Amino acid sequence: MSVDVQRITDFIWYVNSIWMLPIQIFSAIYILQKHLGLGALAALVTTLMVMACNYPLTRLQRNYQSDIMNAKDDRMKATSEILKNMKILKLQAWDNQFLNKVKTLRKKEYDCLWKSLRLQDFTTFILWGAPSLISVVTFVTCMLMGVKLTAGAVLSALATFQMLQSPIFGLPDLLSALVQSKVSADRIASYLQQSETQKDAVEYCSNDHTEFSVEIENGAFSWEPESSRPTLDDIELKVKSGMKVAICGAVGSGKSSLPSSILGEIQKLKGTVRVSGKQAYVPQSPWILSGTIRDNILFGSIYESEKYERTVKACALIKDFELFSNGDLTEIGERGINMSGGQKQRIQIARAVYQNADIYLLDDPFSAVDAHTGRELFEDCLMGILKDKTVLYVTHQVEFLPAADLILVMQNGRVMQAGKFEELLKQNIGFEVLTQCDSEHNISTENKKKEAKLVQDEETEKGVIGKEVYLTYLTTVKGGLLVPFIILAQSCFQMLQIASNYWMAWTAPPTAESIPKLGMGRILLVYALLAAGSSLCVLARTILVAIGGLSTAETFFSRMLCSIFRAPMSYFDSTPTGRILNRASTDQSVLDLEMAVKLGWCAFSIIQIVGTIFVMSQVAWQVCVIFIPVAVACVFYQRYYTPTERELSRMSGVERAPILHHFAESLAGATTIRAFDQRDRFISSNLVLIDSHSRPWFHVASAMEWLSFRLNLLSHFVFAFSLVLLVTLPEGVINPSIAGLGVTYGLSLNVLQATVIWNICNAENKMISVERILQHSKIPSEAPLVIDDQRPLDNWPNVGSIVFRDLQVRYAEHFPAVLKNITCAFPGGKKIGVVGRTGSGKSTLIQALFRIVEPSHGTIVIDNVDITKIGLHDLRSRLGIIPQDNALFDGTIRLNLDPLAQYTDREIWEALDKCQLGDVIRAKDEKLDATVVENGENWSVGQRQLVCLGRVLLKKSNILVLDEATASVDSATDGVIQKIINQEFKDRTVVTIAHRIHTVIESDLVLVLSDGRIAEFDSPAKLLQREDSFFSKLIKEYSLRSNHFAGSNDLLS
């Protein structure tokens, strides 16, 4: 999306060279034939041989480029996954491990780059040496064939070879660009040819042709069509208009796959799916777009105030809007980073409701909201504003089942039971498991109220790129020691080239009858030696540039990578992933393959033009007179052009990141976009962003043409003046042969002048990538990972006591305090429940405990150790946590359980058996090496959460934190998790952000937070004795909701 497209775009600059090069070569051969006769055949044969050598080299280079792109893909995929889950890595103290993973992938990419550059060095050596080789072979052939090499013939030949130099010298870049663009085009073509969603998976009917809104007949569906076991099988379903259908079942039973089959997202193996009416979809994992809350709710629809207010009220968002300074116009960070899980869930429910669809597919819509909000959502939204709509909702919360017209109980991908709530209870064949102790209600989620702008605009430099940027780049490797050697090698090449041509012009006889000054054999031997020396200088120069450029790129990458990994979470909250990925892909690619070459070309072209001016001034010093005003004009044009081009290039670079960001967001929400039939709108938005990027880029190209035209005019003027001067000089003033040599060099002057300015501007353009990478190499860092003189004991924390003393936390100096004067103590080995309304500060307390945010005042002491005095790795690696985001990483089950490779297979299997995943993993052919795709999409949400449980079972920390860890799993799985935690962490400290009542009641102590302060802190029993306590009110609220189940449960006895 970034590098491949950019390479194809860059190739446009070289398109004309493809057809111009053969014309230039054959035109040169024709001119040679006129002056050297049959000797020109030698030039033709040698040229064809050089070109033939390029064919195998080009094929090999294409393979290397393909390897580079594959290695880059692996690195970028890992980088993207890490950036999305950086909070998990920091909480688990895995950041160093995953940093090393990216470094390993970069090492693989580096090896591929080095192979490619070595081959490119060899290709450059051949092609830059080609003009000299062709001239030597041609002159030797002429000598052997008896062709007289007069001064006129030699100068004509040298002029022809001089004309060939520029296109042949540019051939390595042309071939490199051709190969890179071909590889990129093939990769894009391969991507475009991949299979798409089945277009005939769902039959859409009008309401007049069927009485059912949703109908599935003999359906079988699979996420992996090649698997012998379908994900869903024998599905028979008929849903009439206006019905409310609840879907429940255990973890991995196929609950979420059923709505996907109705949407056509899962591969249909057999059967028929018919849908009548407009659909709206709410996924299990909230998908939130960057932008305002209102934009997310409207989702492209027209704003209607009355309809909007009804929607917002039905989705219980009024109070949330009051928490924000800008209400529903508050900006949402990337992936809703500054919103709680409950808020994100309600926003996407509001998005669905506002669409006024006929059919609503809600995948676990109540899991992330508190008990009070859940009741409001169900009554006001599902049974209120959507009362006449067809609704299919997945849920594991049994209190929402009795109101359903139909309940589907899923097991192993099949509908095992179907009917109304009372009917299923009477059947007494397993449904009652879902109703056991139905105390699984959410109490609250967390919100971080921030007044300032969350997502910061990209910082761009203004004006001239600072000298320190150039200096940093040039001196990064060995203090810049390679730079003078590179310039020396190019200078030697230029001097040897001039010397060889001067030698031929000076020694060649003026006429066929004249006697040469030296024997022709000796003349050609000296010429060949000088040409060989110049070719060796080219080889030395290309090797030094490759070594210096790639080493510098690697150093810059390493610094940027370490800087990003050590950045605090506030950086990731305010910086879109697309912006960081743009640095790690497009900008890093410039450093890898282009930056050193572009800077080198600047030096080379300047040295070439200095050499040309030197030769012309040796012929007639008067030529220098015209060079002075021309040089002034060139500098004027360059200074007039460069600032414009530089700012346009910066604008183009800045506009590229939103394209990547929008593409990534669209990819993540593709199912929702298709369900809402919003594909055209997102494609249009993407095209608008592409236009915004292309607009400044087009002006960059136009400005370049503007400059080239004026420089060419100046060059032709200088050349014309030189010719007139040489013709008008009196006879005998200068050697005619040397004058001819001056004219020969003057022929390339117009190209060289344009090349110098173009290379300077192009290098400055590419230097912007260096500037941006340097910005990301200087991100303020977190506290040190390890402080050697403050390291805790190996068995710390052995008691598990946690003491908060006057703790205050704010997310930035200009943000309001989120936690205010928190003072309390969690005794070691006790179970602590933390509850509170939205925005009370629960999750912030946990983040402060792990130092994801640093206290602005006060201390946190664990087992008599002030955690702000020790290293972050020492702190985080000693604490265990099951976070709300159950992230799995691309790889295997083994990698996800034990990324640090600390445990044996036996210990891993024990942990899997304890968390009820042992049999599931054993059923896989790969066992512990079973595949986990990106984000763990091939595992259910519940299974992902059990894997997270397996991690803490292996870690065996004396302090365990549960941050709404079971919000998205069914009652049975939640019971399993609670049972395991009670058994395995019996004498250890467990801090639970409570989302279900029974986890709080069974705690030893309950901490109630309100508006960032401690409202209550005592045992559940004592809090319940106080009827006015916040905790008592929560229990009463839950009891009122649960009373109507009592009668139903009696049917089971």
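Including glycine, each Cβ sits where the backbone N, Cα and C put it.
Since we're looking at a predicted model, the values are computed, not measured.
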Range annotated transmembrane segment in Swiss-Prot (choices 11-31, 389-409) is 11-31
Could you state the whole-number distance in Å separating the C-alpha atoms of Gly836 (ATP 2 binding site) and Gly249 (ATP 1 binding site)? 29
Ser843 (ATP 2 binding site) CB neighbourhood, other CB atoms within 10 A: 24
Could you check what DSSP calls Lys842 (ATP 2 binding site) once collapsed to helix, strand or coil? helix
So, taking each listed stretch (36-56, 125-145, 481-503, 523-543) in turn and counting its Cβ pairs to the transmembrane segment (595-615) that are under 8 angstroms, which one gives the highest count? 481-503
Beyond the flanks of the transmembrane segment (36-56) by at least 6 residues, Cβ under 8 Å: 25, 28-30, 123, 126-127, 130, 133-134, 137-142, 145, 147, 153, 157, 171, 175
Rounded to a whole number of Å, the separation of the Cα atoms of Arg837 (ATP 2 binding site) and Gly249 (ATP 1 binding site) comes to 29
Which sequence-distant residues neighbour the transmembrane segment (125-145)? Criterion: at least 6 residues beyond either end, Cβ under 8 Å. 32, 36-43, 46-47, 50, 53-54, 57, 154, 157-158, 161-162, 164-165, 168-169, 171-172, 497, 500, 504, 520-521, 524, 527-528, 531-532, 534-535, 538-539, 542
Mean pLDDT for the domain 'ABC transporter 1' (214-437), rounded to an integer? 83
For the domain 'ABC transmembrane type-1 1' (1-180): best-contacting stretch of 214-437, 483-765, 804-1036, by Cβ pairs under 8 Å: 483-765
Tell me whether Gly836 (ATP 2 binding site) sits in a helix, a strand or coil according to DSSP. strand
Can you tell me how far the Cα of Gly254 (ATP 1 binding site) sits from the Cα of Ser843 (ATP 2 binding site), in Å? 31
